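Trainee: Below are the structure tokens for one structure; questions will follow.
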Amino acid sequence: TESSLKNVLVVSFGFLLLFTAYGGLQSLQSSLYGEEGLGVTALSTLYGGMLLSSMFLPPLLIKRFGCKWTIVISMCCYVAFSLGNFYASWFTLVPTSILLGLEAAPLWSAQGTYLTIMGNTQAEKAGKVGRDVVNQYFGTFFLIFQSSGVWGNLISSLVFGQTPSQEAIPEEQLLSCGASDCLMATASTNSTQRPSQTLIYTLLGIYTGSGVLAVLLVAVFLEPIKDAQRKREGDEGPPFWSTLLSTFRLLGDKRLRLLVLLPMYSGFEQAFLAGDYTRSYVTCALGIRFVGYVMICFSATNSLCSVLYGRLSQKTGRAALYALGAVTHLCCIIALLLWEPHPRQLAVFFVFSGLWGVSDAVWQTQNNALYGVLFEKNKEAAFANYRLWESLGFVIAFGYSTFLCVNVKLYILLGVLSLAMLAYGTVEYLEAKKAARPAAAEQAKPAEGEETETAM
């Protein structure tokens, strides 16, 4: 048990160090590289790369290098992205973000495969149920991993807080913050608020160091899993084409066609928070040094609620949680349309990101559980679909970020949310009807509170 727990902790802390850097950088892209929308375009290509790679790259890499070295190689690509930020231009940011996107899917697949095999092996030795040990390992992993959002953003705010003179933001600039922001990410943040190059380099240095530490930690301390294990697990799986086809074949299922909007909306709302809320509300009205603090509030509520919903869903069922998430987001979107951000209302900036975390946690935990329960027989294909549509949501939302006004983006969110909820309600209705038909048949099993954070 000692060695397997050690391996779980090594993976968890490796990911914590890596995503401390990446999470902090992602929140700052739109604020730091506003010119011609470089930052959001980089994020759009990043998720485009992820979309392409999640279709075919993970099984190929894991088969070729094994889980441990797939994790190491992928982590190196994340470090390349933070190096690309040192000299931010179209030629450094876009290629490194494509590279990161391509390696993100294998990184998460390898992590999932590693923990699953680790848990099953451990359960066999200890004579426990495999699924219980695996769930426990994932629980440990996500508990540690989720805090990365806090640390990365804390570092960015502490570093950017070092700016010597904080000039007040002129009132006329405040008028074009929030929903009325139509400068479309292209106008550069005025020089008064841009942190000095020295501070930017300091921050990137800390982030790069954190990423390098992650690579070393995993390369040195993680035990590779034996291949015999993988053959027994049958992880070789069907050849690549059939995996790719099964992903699309699953779209023949009417329920999945109705449910593509849920992961897509999840991509849209996260992209809005990371790309638009940070820039058009926080940086515009408070200054870039507050981006980190505001995003910490999101990360913290998100983590707490993820744990909470895992417990709650067994008592209340999924539908109640989805209703909570939808109503919370609905209220936030309408309020963001009406609100005119002003530095005097400092607390409000945090309330919005906190509430966003409350509802985002519903999508992260429940969507995964929902897909796992509804498509029990084709879990792999279902999750591949989930990642595919979510990445598509990110790509579209970061893509149009450069040429739409913020209020238009909010209306789009409103529309997609309403459609996604209608479709979700339809699926629940169909499921209830199906369960009612063979009333004597075994009742639908309650969803296990799976906390699978979106592979970011």
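Even glycines carry a Cβ here, placed using N, Cα and C.
TrEMBL: automatically predicted annotations, no manual curation.
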Trainee: Between 94-117, 286-309, I'd like to know which one TrEMBL lists as transmembrane segment.
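Mentor: Among 94-117, 286-309, the range TrEMBL annotates as transmembrane segment is 286-309.
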Trainee: Would the transmembrane segment (345-363) count as touching the transmembrane segment (37-57), i.e. at least 3 C-beta pairs under 8 angstroms with sequence separation of 6+?
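Mentor: Answer no: the transmembrane segment (37-57) and the transmembrane segment (345-363) share fewer than 3 Cβ pairs below 8 Å.
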Trainee: Who are the chain neighbours of the transmembrane segment (286-309) in space, where the CB to CB distance is under 8 Å and they lie at least 6 residues beyond its ends?
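Mentor: Cβ under 8 Å, 6 or more out: 23-24, 27-28, 31-32, 142-143, 146-147, 149-150, 152-158, 160-161, 163, 166, 169, 189, 193-195, 273, 278, 321, 341, 343, 346, 349-350, 353-358, 360-362, 364-366, 449, 451, 453.
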Trainee: Under 8 Å for C-beta pairs, could you tell me which stretch among 199-222, 321-339, 345-363, 384-404 has the largest tally with the transmembrane segment (69-90)?
Mentor: 199-222
Trainee: Taking 3+ C-beta pairs under 8 angstroms (sequence gap of 6 or more) as contact, is the transmembrane segment (199-222) in contact with the transmembrane segment (7-25)?
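Mentor: They do touch: at least three Cβ pairs between the two stretches lie under 8 Å.
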Trainee: Which bits of the chain, at least 6 residues beyond where the transmembrane segment (7-25) starts or stops, bring a Cβ under 8 A of a Cβ in it?
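Mentor: Contacts of the transmembrane segment (7-25) (Cβ under 8 Å, skipping residues fewer than 6 from its ends): 71, 75, 78, 81-82, 85, 100, 111, 114-115, 118, 137, 140-141, 144-145, 147-149, 151-153, 155-156, 203, 206-208, 210-211, 213-215, 217-218, 221-223, 292, 299, 456.
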Trainee: Mind checking which residues of the chain, 6+ beyond the ends of the transmembrane segment (321-339), have their Cβ under 8 Å from one of its Cβ atoms?
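Mentor: Result: 178-179, 269, 277, 281, 309, 312-313, 348, 352, 355-356, 358-363, 365-366, 407, 410-411, 413-414, 417, 421, 424.
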